[in-house]
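Visitor: Please see the structure below; I have some questions.
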Amino acid sequence: MTPIQHAQQIFNRQHKNLPEITVYAPGRVNIIGEHTDYNDGFVMPCAINFGTAVSGAIRDDHIWNVYAADLDETDEFSLNVEIPKSEHKWANYVRGVVKFIQERYPDFQQGANLVISGNVPLSSGLSSSAALEVAVGKFCQQLGNLPLSHTDIALNGQKAENQFVGANCGNMDQLISALGQENHLLMIDCRSLETTPTPVPQDVAVIIVNSNVPHDLVTGEYNTRRQQCEEAAKFFGVKALRDVSVEQFQKREAELTALSPLAAKRARHVVTENQRVLDAVEALKNNDLTCLGKLMEASHDSMRDDFEITVPQIDYLVELVQLVIGKSGGARMTGGGFGGCIVALAPHDKVDAVRKIIADNYEKTTGLKETFYVCTASQGVRVI
């Protein structure tokens, strides 16, 4: 059963009525451009065919009653008083989105009953949180008939995650969940918010392998990396590392290293990663999977050695995939790091061999069982 069917069915069962509004927002996988978004840089994700559905109906008061079907938990809060934090982590994503929409539109006080259901694996680095934020934002827009664009909804979701939940994320996850296009990767300029759709080559599969090493960005090292990047930007006298070219970095690399070796390593990753995203767009335009594969490999090496966010299980998965696909595609860690998933672009005829080499070796070596997905690049948030 899909999340849409599940949310609608549970709503019907709970409220003895059909939902008036159902929206769906996808998770995402980032093909290249990691930890560049909050540095005002470039990313190239796609929305995937896993996501979050919200089904609901209007109430005649100011109360939001929210049921998370997959967790069997309920949250309730009122829109005519200041929205406080909840002890349930998932509920704060919902509350934060509503709170900041209310800040923008103080007259939005419409109560609703909602059911949420999703199939994005939690803590996998595939943006279950962004899918939830964007879906709830779109639900609010429909409920209150608010003049919010999909970009507005995405940025509101990011604000909720930064300022209410407390994860210092960039804007990529929400933007791709809101703006994704079917069968396309989307290069996003995280400063101007300009997007460049790039078709996924027809014979290429998007493979995601979850290492099932759990991670939690709110308490992890993510915020530390962000501070180190800000330190490096300050050193270069720029607003963000986006404004530093590879040449400019190399000229002053020794100076920054003497001052702060870690900030220098972090900056080297971000500056070179931004260039790799731009190069990846060209590689895809030319259908040059060998070049794309090299860029993805360089991205992974940089995350491992300079940004230091990979773990041995993730490095091992990437090695296994590279053994099979050789020069016909690429593989790298994707997401915030410290666990989560790898992504690979590979010819369809290599998918079974990739699946087999991982099934034969990963659990035996690490004691963890992987989860294997073949995804399609999908449309962003939509009303059902």
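Just so it is clear, glycine is given a Cβ too, placed from its N, Cα and C backbone atoms.
Under the heading domain 'Galactokinase N-terminal', TrEMBL lists 11-55. TrEMBL lists Glu34, His35, Thr36, Asp37, Tyr222 with the feature substrate binding site. Summarising the annotation, TrEMBL assigns domain 'GHMP kinase N-terminal' to 92-180. If you look up TrEMBL, you'll see Ser129, Glu161 marked as Mg(2+) binding site. Summarising the annotation, TrEMBL assigns active site, proton acceptor to Asp173. What TrEMBL records for 280-363 is domain 'GHMP kinase C-terminal'.
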Visitor: I'd like the Cβ neighbour count for Thr36 (substrate binding site), meaning other Cβ atoms within 10 Å of its Cβ, all protein chains included.
Guide: 28
Visitor: Distance check, please: Cα of Asp37 (substrate binding site) against Cα of Glu161 (Mg(2+) binding site), rounded to an integer number of angstrom.
Guide: 15
Visitor: Taking the residues the record says bind substrate (Glu34, His35, Thr36, Asp37, Tyr222), how far apart in Å are the two Cα atoms that sit farthest from each other?
Guide: 13
Visitor: I'd like to know which of these recorded positions, Glu34, Asp37, Asp173, is least surrounded, judged by other CB atoms within 10 A.
Guide: Asp37
Visitor: Mean pLDDT, the domain 'Galactokinase N-terminal' (11-55)?
Guide: 97
Visitor: Starting from the substrate site formed by Glu34, His35, Thr36, Asp37, Tyr222, give every other residue of that chain whose CB sits within 8 Å of the mean position of their CB atoms, in sequence order.
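Guide: Near the substrate site, beyond Glu34, His35, Thr36, Asp37, Tyr222, sit Gly33, Tyr38, Asn39, Val43, Gly170, Met172, Arg225, Val270, Gly336.
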Visitor: Tell me, which binding-site residues from Ser129, Glu161, Tyr222 are within 10 Å of the residue listed as 'active site, proton acceptor' if we use the C-alpha atoms?
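Guide: Among Ser129, Glu161, Tyr222, the ones whose Cα sits within 10 Å of that of the residue listed as 'active site, proton acceptor' are Ser129.
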Visitor: What is the Cβ neighbour count of Tyr222 (substrate binding site) at a 10 Å cut-off, with all protein chains included?
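Guide: Its Cβ has 20 other Cβ atoms within 10 Å.
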Visitor: I want to check the contact list for His35 (substrate binding site): same chain, sequence separation of six or more, C-beta distance under 8 angstroms. What comes out?
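Guide: Same-chain residues close to His35 (substrate binding site) (Cβ under 8 Å, separated by 6 or more) are Arg225, Cys229, His269, Val270, Glu273, Met303, Phe307, Ile309, Gly336, Gly337.
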Visitor: Including all protein chains displayed, how many Cβ atoms other than that of Glu161 (Mg(2+) binding site) lie within 10 Å of its Cβ?
Guide: 26
Visitor: Taking only same-chain residues 6+ apart in sequence, whose CB is under 8 Å from that of Ser129 (Mg(2+) binding site), what do you get?
Guide: Tyr93, Glu161, Val165, Ala167, Asp173
